[in-house]
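Read through the structure below, which is laid out as structure tokens, and then see the notes.
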Amino acid sequence: MESTHLLTGSKKRVKIHPHTVTAKYATQAPYTPQAGVHTHFPQPGDEGYDDAPSFEDFGSFLEETSDKKKLMESRRWPLTLFGSKEKDKDTAQKLQPTGGAESDGGGKAAKGPGKGVGEQLASFGEASVSASRLTWVLLLCAALAHGCLIVLTRLASEQFHFAPLFLLTVRSVVQLLSVAVPLLRGENPFGPEGYRLRLLCYGIAYSLSLCCAYSSLTFVSAGNAATTWRLATTALSAVLAFLLLEERLGLSDVITIVAGLCGLGLLLLPTVDESNSDSPTDPVTFWKGAFGWSLSALAGLWMALALVGYRSLKDRVGVGTALFTVSWTSCLLAPSSLALLQEGWAWPASVPAWAIMAGLVSCSAAAFLGMTHALTRLHPALVSASQSVEVPVAMLLHLAVLPLAPTAPEVVGNAMVVLSVGWLVATKLLLPRGGGLRQREEYEEILDSPIK
């Protein structure tokens with residue numbers, strides 16, 4: 001078997017034996033490619049290895065021809081685009097011509113490489129920071145929308161006597177209009193081929209979470225149901241993302257999330273009146289409450305699965321397609337749950353009732369879009385933890401409508417939630433600025449290293 005060397009003016013003959021490989025070099029005519037002949041480079045210790053032309057000989061051969069020399073010099077300065085400043089200066093001095101008109105062009109060429117690292121890293125950093133800012137702004141807006149959604153749902157249930165699952169059915173039917181987004185983009189509304197089953201599982205998990213959460217409002221208060229739902233979603237999404245996607249959280253993120261979860265736990269503590277109550281508890285009331293708490297926790301489990309599921313589809317399924325999937329699956333599951341729990345239907349009969357319905361649909365769509373967009377960039381647990389602000393927002397809005405003095409655990413718990421989310425946002429947006437210089441120095445050090 002014969003193989004030739006790529007270097008000009010040399011040819012290597014290789015003899016392959018059962019246990020040994022020998023290589024010999026001989027000077028011949030310039031290399032011409034031949035069909036069926038592969039390229040092989042000599043290895044240290046092989047016979048004839050020292051006879052192979054060195055890289056110094058190859059460089060001297062290139063310097064003999066002025067065309068290739070100019071070609072190499074003209075191609076050398078882009079390679080220093082991510083090099084050090086000293087290398088850029090040396091290259092600029094070598095490339096600077098003697099003519100006046102050409103010296104200007106050479107100055108521009110020399111000026112460009114010197115600013116290559118800084119400009120590219122700065123532009124990349126600015127784009128990353130701006131995208132992170134947009135993501136976190138959308139997340140906080142989604143949390144505000146979730147808080148408004150809790151208050152509107154409670155108001156619709158208490159004042160207008162709408163069944164919670166009926167509200168879910170109405171919003172799901174209206175949000176079927178989101179099918180226009182993938183159709184306008186020329187996409188399949190049921191997802192790309194090969195990922196439709198996973199998208200269907202995501203839609204079913206999200207719809208089951210909504211059904212469980214809205215069903216729990218029949219047995220427990222809206223505040224307790226939302227708090228339990230968010231606590232379970234955040235904790236379980238961190239665990240499931242690690243188990244299913246192998247995505248881990250940093251130590252600071254874990255501490256921040258745990259502090260937020262402790263704040264949510266304080267909100268679930270019973271009040272003084274409930275703890276000091278000596279009246280016997282009705283077994284039916286007790287089991288209804290236990291069933292409601294179980295539904296809230298189960299809603300958190302399904303939501304965690306949905307967040308992790310969409311995280312695995314982030315680059316293949318758009319936000320509009322995801323909203324349509326959740327809408328049509330909810331249209332199937334919500335009426336079934338409504339019939340199972342035997343809750344009645346009551347259509348809006350006044351302008352305020354229709355206004356509340358419109359607000360519910362708008363807030364739910366805004367919250368969904370903000371969360372789903374953030375899942376393309378952030379860990380599911382971080383997305384869910386940022387939505388914990390919905391609980392303090394809902395409490396403030398409820399106090400504005402019905403002034404009641406909050407208890408000490410509620411004040412401390414809401415403060416811990418707000419501080420944990422604020423610290424989380426600050427660490428994600430402010431700390432990367434200080435670390436940019438260090439990352440640039442490390443990047444330049446790697447590029448300047450002889451080992452590439």
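A Cβ is built for glycine as well, from the same backbone N, Cα and C atoms used for every other residue.
Automatic, uncurated: that is what TrEMBL annotation is.
The compositional bias 'Gly residues' annotation in TrEMBL covers 102-114.
Look at TrEMBL and you will find 137-268 tagged as domain 'EamA'. Per-residue pLDDT, averaged across the domain 'EamA' (137-268), gives 92.
Annotated region 'Disordered' per TrEMBL: 87-114, in sequence order.
Residues annotated as transmembrane segment in TrEMBL: 134-156 (among others).
Annotation source TrEMBL lists transmembrane segment at 197-217 (among others).
Among the features that TrEMBL reports, transmembrane segment is placed at 229-245 (among others).
What TrEMBL lists as transmembrane segment is 252-270 (among others).
According to TrEMBL, the transmembrane segment annotation covers 290-310 (among others).
Annotation comment: TrEMBL describes 322-341 (among others) as transmembrane segment. If one looks beyond the transmembrane segment (322-341) by at least 6 residues along the same chain, the residues whose Cβ comes under 8 Å of a Cβ in the stretch are 163, 165-166, 168-169, 172-173, 175-176, 178-179, 181-182, 189-191, 199-200, 202-204, 206-208, 210-211, 214-215, 218, 310, 365, 368-369, 372.
Long-range contacts of the transmembrane segment (353-376) within the same chain, counting only residues at least 6 positions beyond its ends with a Cβ under 8 Å from a Cβ of the stretch, are 135-136, 138-139, 141-143, 145-146, 148-149, 152-153, 155-156, 160, 162, 167, 170-171, 174-175, 178, 307, 310-311, 314-315, 319, 322-323, 326, 383, 386-387. Annotation source TrEMBL lists transmembrane segment at 353-376 (among others).
Residues 153-154, 157, 164-165, 167-168, 190-191, 225-226, 228-229, 292-293, 295-296, 298-303, 305-306, 309-310, 312-313, 317, 321-322, 325-326, 328-330, 332-334, 337, 341 of the same chain, all 6+ positions outside the transmembrane segment (197-217), place their C-beta atoms under 8 angstroms from a C-beta of that stretch. Tallying C-beta pairs under 8 angstroms between the transmembrane segment (229-245) and each of 134-156, 252-270, 290-310 places 290-310 first. Nonlocal intrachain contacts for the transmembrane segment (134-156), taken as residues 6+ away from its ends with a CB within less than 8 angstroms of a stretch CB, comprise 162, 164, 167, 214, 217, 222-223, 226, 353, 356-357, 359-360, 363-364, 366-371, 373-374, 377-378, 383, 386-394, 396-398, 401, 421, 425, 428-429. For the transmembrane segment (290-310), the list of distant contacts is 198, 201-202, 205-206, 208-213, 215-220, 224-225, 228-233, 235-237, 239-241, 244-245, 317, 322, 371-372, 375, 380, 383-384: same-chain residues at least six beyond its ends, Cβ to Cβ under 8 Å.
Under DSSP, residues within the domain 'EamA' (137-268) fall into helix, strand and coil as 106 helix, 0 strand, 26 coil.
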